[in-house]
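Structure first, commentary second.
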Amino acid sequence: MSAFTRFRDKLRVEGSAADGASHAAAFLTNRDLNPVEPSRRTWTAKSFAFFWISDGVNLSTAVIVSSYVLDGLAWWQVWLAVWVGYILTTFVVICSGRIGAVYHIGFPVVMRASFGIWGSIWPIINRVATATLWTSYQSYLGGKCIELLLRSLAPQFNNLPNHLPASSGTTTKDFLCFFLFWLAMIPAAATRPENIRHLFTVKAIIVPAAYVAFFAWSIHDANGLGPIVHQPATLHGSVLGWTWVSAVMGQLSNFVTLMLNMPDFSRLARHPRDTFWSQLLAIPLTFAITSFIGLVIASSSTVIFGKAVLNPLDLLSLRLDRAPYDAGTRAGVFFISTSFALGQIGTNIAANVLSAGSDLTALLPRYMTIRRGGLLSVAIALCICPWKFAGENSSFSTYLSAYSVLLAPFIGVQLCDYYIIRRGFFSVPSLYTLSSDGDYRYWKGVHWRAYAAYLGGLAINITGFAGAVGANVSTAAQRIYTLAPLTGSIVAALVYFACCYIRPRPVGFVDVGNKVWREPKEGYEAPDWSRPTAGETSAGASQDGQLKSSSGEGDDFEKTTTGQDKMSVEAVAY
């Protein structure tokens, strides 16, 4: 055996395809892609609540809401937009997450049902690219937290000599802080998904306490809430209306990645019900409270420093500039910046690193796991050199938010496929087979209906997307693009439904007029968890039986469900 062969065998992932398997078969399965067995389903309702509390208390949320006040909205109008936006977001997150909670599969495998075994590659590539770019950008912000931490410990650190050339785009101080944050993120990225909940629990306790402390500190120094919370809206008419709508849609745009990748977390739930009430309450409440605190902190800055400062990190930096050797200021900045750094790690892991790890696992399942994929995305984040595009005058963060227009149609197709077309039923073994009569084989592994829907959802917003990154476009295109998270997903869902109605494919689908709900009542369980994806015939029959017994429906349900195997043989190939 050659050294290369031994090295390759060491890299091979447990549960992946063996040497004899074709390259195509090796794409389908490994331990992290397979349905999660009961022993690894460790997330409770409390775990999901802590997850969202930890994710909701973050820097971006505080900055975004304050920016809408500067755009001319009254603070209460912005806060109302936050509530509306995150209630809509919560609905989508719960619907998306239920798929993973019922079938214990992650986003890459869920997309096989609607886009096809091979067609799912494009959604996966889109999301891994977005997640990796966001990992880099959020790490840059985390480096700013480390800079404040070090300045509070040693004020002279702010005068650290620069030994890097101007062409590098950064300084010795900034790069050192970014690199230290990057190192701190590695242990979290190396933690298995079922255990990472402990990080979110710790973050859910420490980071909110830091925000409340910053909130109280700001009110004390400003002798009140500041002028922003008292000033009326400066906009009127349709301009006011569309600015408010933009504020609502802004909340959805920043959540598109989490809407898509929620199955990566919900698959770890002990029971599907653990994902409902905890998220229904935690998401809107957490983000609304964080937004209000961000508004007050920005408002107080106009009294303390004579100008509105939206970024909490900039406010902390100004405090150190004003009193670099004051013990109270240094202690406060140290506690808050350390908590913010922890918060950035948690946000990066939840929204980006685990997403990228899951996607890379789906692209290279024989040699990649979620942990390896997450670590690879963290390594790539360092190589991207985010300081080159993340400066104050850069439009890169705007571009990343605008990129959500490319992801929104995937949400529409995914939810329409599961809730309307399939009535909650997946043939789990078929998600892991290339058999010609597999439910998700479609045309050479690609589902043209899903791609027609994706292009439809993309087309309605593509002109506005060009405007968001600098092109001159019409007012109508701008307003349609303002609604991009909704228009992209809704148009994609409508086109997908129309394609399935006009040109139905029997395999895995039900009659569009059939109202029978086919989801397993207590969630999917494999007949043999030592072979969770094996045996389409036996496993599929067992799953059909489970569906029939849990539904309690009559003969119509039996015809719909147990007749699927016969339809698979006789179905057209596309």
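Using N, Cα and C of the backbone, Cβ positions are placed for all residues, glycine too.
Tertiary proximity for the transmembrane segment (48-70) is limited to same-chain residues at least six positions away from its ends with a CB under 8 Å from its CB atoms, namely 78-79, 81-82, 141, 197, 199-201, 203-204, 207-208, 211, 228, 243, 246-247, 250-251, 254, 258, 265-266, 269, 274-275, 278-279, 281-283, 286-287, 290-291, 293-295, 297-298, 308, 310-313, 340, 343-344, 346-347, 350-351. Positions annotated as transmembrane segment by TrEMBL: 48-70 (among others).
Tertiary neighbourhood of the transmembrane segment (76-95): same-chain residues 65, 68-69, 233, 244, 247-252, 255, 258-259, 262, 275-276, 279-280, 283-284, 287-288, 291-292, 295, 411, 415, 419, selected by CB-CB distance under 8 Å and a gap of 6+ residues from either end. Here TrEMBL flags 76-95 (among others) as transmembrane segment.
Within its own chain, the transmembrane segment (170-188) has Cβ neighbours under 8 Å at 139-140, 142-147, 150, 157-158, 160-164, 196, 199, 341, 344-346, 348-349, 353, 375, 378, 381-382, 385-388, counting only residues six or more beyond its boundaries. According to TrEMBL, the transmembrane segment annotation covers 170-188 (among others).
Sequence annotations record features per position, and here TrEMBL assigns transmembrane segment to 200-219 (among others). Tertiary neighbourhood of the transmembrane segment (200-219): same-chain residues 47, 49-51, 53-55, 57-58, 225-226, 290, 293, 296-297, 300-301, 304, 312, 315, 332, 335-336, 338-340, 342-343, 345-346, 350, selected by CB-CB distance under 8 Å and a gap of 6+ residues from either end.
With a threshold of 8 Å between CB atoms, the same-chain residues lying at least 6 positions outside the transmembrane segment (239-260) that come near it are 55, 60-61, 64-65, 68, 71-73, 77-78, 80-82, 84-86, 88-89, 92-93, 96, 107, 123, 127, 130-131, 134, 233, 287, 350-352, 355, 401, 404, 407-408, 410-411, 414, 479, 482-486. Look at TrEMBL and you will find 239-260 (among others) tagged as transmembrane segment.
Only residues 6 or more beyond the boundaries of the transmembrane segment (281-310), in the same chain, are considered here, and those with a CB under 8 A from a CB of the stretch are 48-49, 51-53, 55-58, 61-63, 65-67, 69-70, 75, 78-79, 82-83, 86-87, 89-90, 93, 211-212, 214-215, 218-219, 221-229, 251, 318. What TrEMBL lists as transmembrane segment is 281-310 (among others).
Taken from TrEMBL, the feature transmembrane segment covers 330-354 (among others). If one looks beyond the transmembrane segment (330-354) by at least 6 residues along the same chain, the residues whose Cβ comes under 8 Å of a Cβ in the stretch are 51, 54-55, 57-60, 131-132, 134-135, 138-139, 141-142, 145-146, 148-149, 151-153, 155, 181, 184-185, 188-189, 193, 196, 199-200, 202-203, 206-207, 209-211, 213-214, 217, 257-258, 261, 264-265, 312-313, 316, 319-320, 324, 370, 374, 377-378.
Under the heading transmembrane segment, TrEMBL lists 374-390 (among others). Nonlocal intrachain contacts for the transmembrane segment (374-390), taken as residues 6+ away from its ends with a CB within less than 8 angstroms of a stretch CB, comprise 128, 131-133, 135-137, 139-141, 169-170, 174-175, 178-179, 182, 185-186, 189-190, 349, 352-354, 356-357, 360, 368, 396-397.
Per TrEMBL, the feature transmembrane segment maps to 402-421 (among others).
Positions annotated as transmembrane segment by TrEMBL: 451-474 (among others).
Sequence-distant neighbours of the transmembrane segment (480-502) (same chain, 6+ residues past either end, Cβ-Cβ under 8 Å): 114, 242, 245-246, 249, 252-253, 256, 404-405, 408-413, 415-417, 420-421, 448-450, 452-454, 456-458, 460-461, 463-465, 467-468, 509, 512. Taken from TrEMBL, the feature transmembrane segment applies to 480-502 (among others).
What TrEMBL records for 523-574 is region 'Disordered'.
Taken from TrEMBL, the feature compositional bias 'Polar residues' covers 535-552.
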